[in-house]
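Enquirer: Next up is a structure, given as structure tokens.
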Amino acid sequence: MSKGFRSLILLLLLSSLHTTYLQSIDIQRNTCSRESSCSKCLNVAHYCGWCTHPSFNSTRCIPHLDEDTCIEYSSNTSYLQHLSSSLTILENYPLGSSRGNQIILTQPQRVKLELRLGETKSFNITSSPAPGYPLDLYLLMDLSTSMRVGFMQIQSVSQELVDTVRNITSDYMLGIGSFVDKPIAPFRDGSFGRIENPCGPRETCLPTYGFHHSLNLTQNFTLFNDTLFRQEFSRNQDNPEGTFDAIMQSAVCTNEIGWRPNSRHLILVVTDGTFHIAHDGKLAGIIEPNDGRCHLEYEGDDTFATYVESTKQDYPSIGHLGAKLQENNIFVIFAIGGAANQVHLYNILSRELGRSWVAKLEDRAENVLDIISDAYMSLSQNVNIELQQVPGVRITSTAQCDQVSPDGEDCVGINLGDQAQFRIDVTLEKCISQTAVGQINVLLYGKVGVEVDALCSCPCEAEAVENSPDCSDGNGTFVCGICECNAGRFGDICDCTGEAPQDVSACIKPGSNSVCSKRGQCVCGRCECDQRHDNNIYGRYCECSDTSCGRVNSMLCGGMERGTCACNQCQCRPEYSGSECECSLSKLKCIEPGGNGLVCAGRGTCNCEECLCQEGYLGEFCQYYTEASDCLDNVGCAECAVNSTISNLSDCRSVCANNHIPVKTANDVDFINNYTAGVCLREVPNCYFLYYVARDDNGIVLVGLVIGIILLVIIKVIFYYLEYREYKDWDKEVRDAIASKFVEAPKEFHKSVIQETTNPAFGLKNKQPLDISGYQVQSSGPPQNRYAPLQESTTM
């Protein structure tokens, strides 16, 4: 490429960039210019600022890029009120360091953002596992009689259970709780003798109970083992259990259970039954919803605390339970026995609940140790984030790790020494009056506090001067460089009362003769635009509207995903163009599937997802030649091949040029792969066909037909002919039917539904009634002949 040509290309590129830049500036100016106060100016777009210069005589809301128009050059002072969003890291302790008795697994720990309305700021969160992190494990057992065998197995491996936890971390605590169901009918058996001993006369067991907390979290293995062997069974009436009541109390009773603030909290739920959910309590007449609070009390000499509101409050809902687990930073491991469909049910519950893991418990609970180990490893190696949203602020996260989950939200396969990283985007969607405080939970790894302040007001508004002498001797408030007039006063400096005749020339846009574009009123030399709920009218001459742009698919500028309307013009997103944002700049639809991978096969340009082919080419992807020399030289050869059978191809050699060999290939793909082939299109009256022209290694031209296309055309013609014949046969049958049934007696076929009847006695005054006993009635003929004399029949 010559140096001059490269310079030309560079010049064209720079010119295009400059044009795009100028268009962007114009769009920003139109967007900002609609606002008439400093606060509204800051909130319309993050690039808008308010000029407070006293002598500024234009629209004061301007883009930041026009700041030079709002500078006092004698003092080099800018009068532009333009607040910029900022991000401050408040706490950022290193990973693996200690803060008190807490090991830092996530950084930063606290951030603060100051945001303009609609603007987004981003920061990264990094998490890394550390050995020996504290763990609190609460064993929550279903002690209905159906779990007898499984529980006995857990008792027999109590030492191995402790060893399994110890292999995970040396800093661990264990606790014990159990549940059955609400001690009220129909959830328990209320028949005689079954309330105190629901197991019946052959066996003794505890009365039905909702939840018992038997052992606070402890490092005393002997106490844990003794408590585990003291547990007793009970029984309820139906298959579902009061699982949700038990999990709720285990989660919210922080002090009673003994959850440590700086440890990982796990609840191991072992059950073989399904669960009751919110509103099931109505079966027992319980209508009070679950309040999500702790209600554990020790009664008498009991060694366990009982859930005392079990018969007064309904079961919690899934959403309520999930929120409490998140609030208290607790994970649940479901070890599910019984039928396989119950595991499926708990998998569905886990997706809705979050913060949980499900495994199938073998018949004798022999795999409970593997469940604990596998669940902890899975939860700790898969790092995911919970976002606590706050009103007016939108927080989103994106995983940025070597391995991510299919939905792109979680980092997976994180081991010791690895780091999980997330990008956090924070957007201010609504102005808020006070600091918004939120929290980002990196599950099992810590949390990040987020504080957001809104930059929605101008500092100059705090310096407003009421009844200012700058506003026509005290007829308004001077704020941010302009006068806000008192009632009954108008004008830039509140010098108009509206009583004197007005000069409307200042309200007419140059080149127009309409006052305020017929969409407002001229008041004291300024346009006051009409206020409409469905259309924002603005501009110096009320010339701008946000609903006057072109539409695509009945949507302004093609919809929000394509662009927005501002001052009668579409502001297209980067991936769209056109006056109505109707054109996508994507070129994917201009690349032929299975082709050479080039846009429009390298023979055209992509415009609005359609190929504009260079001269001599056509087709959806410019894949066909029409005037290439090889195509034109071999037209006759290809036509001969079309009209010949495979066995008679040699007859075409006289038509084909020297060294040109016509072939009919059964596999066009092989033909293309073996040689560098071009596709030619030939149109003749009532027909067209495609053919390849290629040169082999010896320079011999091979003319190959696109057999597939020809067959499709032939099949189409055959089907058309068969359908035509079928239609003609049907048409003949219909015509024959009409001729035989309707043509001979059309009056009978189209006989009117109206019948006329003449009263034979009508008009007979002072006469005897007509005797018609000797007459027969005819069904047709004129009324006067409708009655004819009966004729005597002759019997032979």
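In case you wondered, yes, glycine gets a Cβ from its N, Cα and C as well.
According to TrEMBL, the protein has these features:
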DISULFID  Cys253-Cys294  disulfide bond
DISULFID  Cys401-Cys411  disulfide bond
DISULFID  Cys471-Cys483  disulfide bond
DISULFID  Cys480-Cys516  disulfide bond
DISULFID  Cys485-Cys494  disulfide bond
DISULFID  Cys522-Cys527  disulfide bond
DISULFID  Cys524-Cys557  disulfide bond
DISULFID  Cys544-Cys549  disulfide bond
DISULFID  Cys565-Cys570  disulfide bond
DISULFID  Cys572-Cys581  disulfide bond
DISULFID  Cys608-Cys652  disulfide bond
DISULFID  Cys637-Cys687  disulfide bond
DOMAIN    37-458  domain 'Integrin beta subunit VWA'
REGION    775-796  region 'Disordered'
SIGNAL    1-24  signal peptide
TRANSMEM  700-722  transmembrane segment
Enquirer: Give the distance between the Cα atoms of Cys524 (disulfide bond) and Cys485 (disulfide bond), rounded to the nearest whole Å.
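Expert: About 12 Å separate the Cα atoms of these two residues.
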Enquirer: Which of the listed disulfide-bonded residues (Cys522, Cys608) has the least company, meaning the fewest other Cβ atoms within 10 Å of its Cβ?
Expert: Cys608
Enquirer: Cβ atoms within 10 Å, counted per site: which of Cys401, Cys483 has the most, among these disulfide-bonded residues?
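Expert: The largest 10 Å Cβ neighbour count belongs to Cys483.
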Enquirer: I'd like to confirm something. Which of the disulfide-bonded residues, Cys544, Cys572, Cys581, has a Cα closest to the Cα of Cys637 (disulfide bond)?
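Expert: Smallest Cα separation from Cys637 (disulfide bond) among Cys544, Cys572, Cys581: Cys581.
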Enquirer: Do any of Cys544, Cys572, Cys581 (disulfide-bonded residues) have a CA within 10 A of Cys483 (disulfide bond), and if so which?
Expert: none
Enquirer: Disulfide-bonded residues Cys253, Cys527, Cys549, Cys565, Cys570, Cys572: which have a Cα within 10 Å of Cys557 (disulfide bond)?
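Expert: Hits: Cys549, Cys565, Cys570, Cys572.
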Enquirer: Spatially speaking, which of the disulfide-bonded residues Cys411, Cys565, Cys570, Cys572 is closest to Cys494 (disulfide bond)? Use C-alpha to C-alpha, please.
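Expert: Going through Cys411, Cys565, Cys570, Cys572 one by one, the Cα closest to that of Cys494 (disulfide bond) is Cys565.
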Enquirer: Measure from the CA atom of Cys471 (disulfide bond) to the CA atom of Cys401 (disulfide bond) and give the result in Å, rounded to a whole number.
Expert: 60
Enquirer: List the disulfide-bonded residues among Cys516, Cys544, Cys572, Cys581, Cys608 whose C-alpha is within 10 Å of the C-alpha of Cys527 (disulfide bond), in sequence order, or say none.
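Expert: The disulfide-bonded residues close to Cys527 (disulfide bond) (Cα within 10 Å), listed in sequence order, are Cys516.
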Enquirer: Within 10 Å of its Cβ, which one of these disulfide-bonded residues (Cys516, Cys524, Cys637) has the largest number of other Cβ atoms?
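Expert: When each Cβ's neighbours within 10 Å are tallied, Cys516 tops the list.
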Enquirer: For the disulfide-bonded residues Cys411, Cys480, Cys494, work out the Cβ neighbour count at 10 Å and name the residue with the minimum.
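Expert: Taking Cys411, Cys480, Cys494 as the disulfide-bonded residues, the minimal 10 Å Cβ count falls on Cys480.
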Enquirer: Going by a 10 angstroms cut-off between Cβ atoms, which of the disulfide-bonded residues Cys527, Cys572 has the sparsest surroundings?
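Expert: Looking at the disulfide-bonded residues Cys527, Cys572, the Cβ with the fewest others within 10 Å is that of Cys572.
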Enquirer: Taking the Cβ of Cys565 (disulfide bond) as the reference point, list residues of the same chain whose Cβ is under 8 angstroms away and which are at least six residues distant in sequence.
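Expert: Residues satisfying the criterion: Asp546, Thr547, Ser548, Cys549, Leu556, Cys557, Gln571.
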Enquirer: How many other Cβ atoms are found within 10 Å of the Cβ atom of Cys557 (disulfide bond), counting all protein chains shown?
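Expert: Its Cβ has 26 other Cβ atoms within 10 Å.
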Enquirer: Looking at the disulfide-bonded residues listed here (Cys253, Cys411, Cys480, Cys544), whose Cα lies nearest to that of Cys572 (disulfide bond)?
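Expert: For Cys572 (disulfide bond), the spatially nearest of the disulfide-bonded residues is Cys544.
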Enquirer: So what sits near Cys294 (disulfide bond) in its own chain, CB-to-CB under 8 Å and at least six residues off in sequence?
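Expert: Looking at Cβ-Cβ distances below 8 Å from Cys294 (disulfide bond), excluding near sequence neighbours, one finds Gln249, Val252, Cys253, Thr254, Glu256.
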